[in-house]
Amino acid sequence: MTTQAPPSNLLPLNPEQLARLQAATTDFTPTQLAWVSGYFWGVLNQQSGAAVAAPAPAAEVPTITLISASQTGNARRVAEALRDDLLAAKLNVKLVNAGDYKFKQIAAEKLLVVVTSTQGEGEPPEEAVALHKFLFSKKAPKLDGTAFAVFGLGDTSYEFFCQSGKDFDNKLAELGAERLLDRVDADVEYQAAAAEWRARVVEALKARAPVAAPAQLATSGAVNDIHTSPYTKEAPLTATLSVNQKITGRNSEKDVRHIEIDLGDSGLRYQPGDALGVWYQNDPQLVKELVELLWLKGDEPVTVEGKTLPLSEALQWHFELTVNTATIVENYATLTRSESLLPLVGDKAQLQQYAAATPIVDMVRFSPAQLDAEALIGLLRPLTPRLYSIASSQAEVESEVHVTVGVVRYEIEGRARAGGASSFLADRVEEDGEVRVFIEHNDNFRLPANPETPVIMIGPGTGIAPFRAFMQQRAADGAQGKNWLFFGNPHFTEDFLYQVEWQSYVKEGLLTRIDLAWSRDQQQKIYVQDKLREQGAELWRWINDGAHIYVCGDANRMAKDVENTLLEVIAEYGAMDAEAADEFLSELRVERRYQRDVY
């Protein structure tokens, strides 16, 4: 339907002004037009002496609070898309990152939507830990006046699939809130499920919340300060790998690479604490092995996202081959009627255990079958990029980005296996070769705004990466705050990552203290948490001086051990019981003085 413009003599604009306005707004979305309407109304009201009649008070429009709890950016993208959908439907919405949400106001929420991922062993994403703890504490209020919906993102290769979403959904209902929609648990291929859920949420909320006037939309705090980049996960930058240097010794059990990527004149920006997303290709030899095991040729046509590709090309570029899941094992067993795998079907624990220990290609080798190409594609998950903590600051390296990559290598019955992305960077991209990358911003792992604030950095293994970026930034800023690094690895002589750089920072006085834990250099294993305990009194003094604490690395063991040790130190030197120590650390987290980048 076309709306006819009124006669020009009835308009308050002359033809030239009208033409300029139409040209300026020709490509605006309905949401942007609504915002502009409210913006001009605000400008008019601010003009001194403007003789404008005050509009009649509008009926109060309830705000939909949309909480984004993201670990790798996917939950944030779903939440942003839902925000745009709600604004397009003229609903009043406020999007807030879980780390910024004042959770004690939750009792006042009328309409609440949570989009959350899960990390580690079923834990909430880092930015949602404080909210999660609050809801599960004795302080959580009754939520009888709240209606809610939850969308969970997860990965079926992990045992506690979408556990954070399940936790929020169950706890909100337990506290008396009304469930608007059944929770959705989405796997790594979440886009279709998210689009369907968003449409249902919009319809459910339209029935609950009246449409807001444009000015009300514009003043509702609807748009959060979310980063935008010229390149994204969906449209990555094709950059150049300029340096691939092994930084562990020849006798090390680990293969760790320092990777430098030239961003050219792309204008791609990042901050210390951000992650680099890397799109990789599977090893052609792995593709060939899998195809041959299934008695296929590799040139069979298959359909991927509406395009027809040869099977081998589809497997190399579009499907996950290095991570098996319980679902894949179960579906393969059912499809092939495998005598060795069928007994696992229905036993979640056994399926999970088998998938964790057996790559897809070895599952096919141990339980051979013949599948057609489309059946194989139907079993597999789409390839997803890997995220690496950035190990550089643009204040020092300008148009480069550095990452520290632990290359995954192991054997299955004498056959060499490797991680998909790590071996791609280490083995298959030549220097000056192309690699597709994007920045995943992480505002939950940031240096203190005040350069005089002390910083405590705890990062064993490749967890050292963001702290290299931190120190480059502190050096460039001339920051006067003290810096203390805890680092650990198996052997001093083989595994001291960036040793010369850390020694230089110590010599210059920028790195105030460094404590090193070498787990295999003596009979008794020593880890970073042991060094924390050993330095407990001094650690407590730094905390009392306002230090910010950062932890980076393994989520499943190290991060938990470090947190337990921090609680012990707080309890002992702060003269607190366990409950008070936990409350103290939670408060540090809320104040952004305890931040973690764990994976």
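Cβ coordinates are placed from backbone N, Cα and C, and glycine is handled just like the others.
In terms of DSSP secondary structure, the domain 'Flavodoxin-like' (64-202) contains 58 helix, 31 strand, 50 coil. Taken from Swiss-Prot, the feature domain 'Flavodoxin-like' covers 64-202, and the record attributes it to sequence analysis.
The Cβ of Y158 (FMN binding site) lies under 8 Å from the Cβ of T118, E121, G122, each on the same chain and at least six residues away in sequence. Positions annotated as FMN binding site by Swiss-Prot, on the basis of sequence analysis: 70-75, 117-120, 153-162.
What Swiss-Prot records for 234-448 is domain 'FAD-binding FR-type', and it gives sequence analysis as the kind of evidence.
Annotation for G406 (FAD binding site): spatial neighbours K254, D255, V256, S422, G461, T462, criterion Cβ-Cβ under 8 Å with sequence separation of six or more. Per Swiss-Prot, FAD binding site is recorded for T322, A356, 386-389, 404-406, Y410, 419-422, Y599.
Marked as NADP(+) binding site by Swiss-Prot: S519, R520, K525, I526, Y527, V528, Q529, D561. Of all Cβ atoms in the protein chains displayed, 16 besides its own lie within 10 Å of the Cβ of D561 (NADP(+) binding site).
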Other CB atoms, at most 10 A from the CB of S117 (FMN binding site): 28
Which same-chain residues, if any, lie at least 6 apart from G73 (FMN binding site) yet have Cβ under 8 Å of it: K233, G277, E440, H441
Nearest of the binding-site residues (T322, R520, I526, Q529) to S117 (FMN binding site), judged by Cα-Cα distance: T322
Mean per-residue pLDDT computed across the domain 'Flavodoxin-like' (64-202): 95
Rounded Cα separation (Å) that holds between Y388 (FAD binding site) and I526 (NADP(+) binding site): 26
Assigned conformation of Y599 (FAD binding site) - DSSP reduced to three states: coil
10 Å Cα neighbourhood of R520 (NADP(+) binding site): matching binding-site residues from G120, D155, T404: none
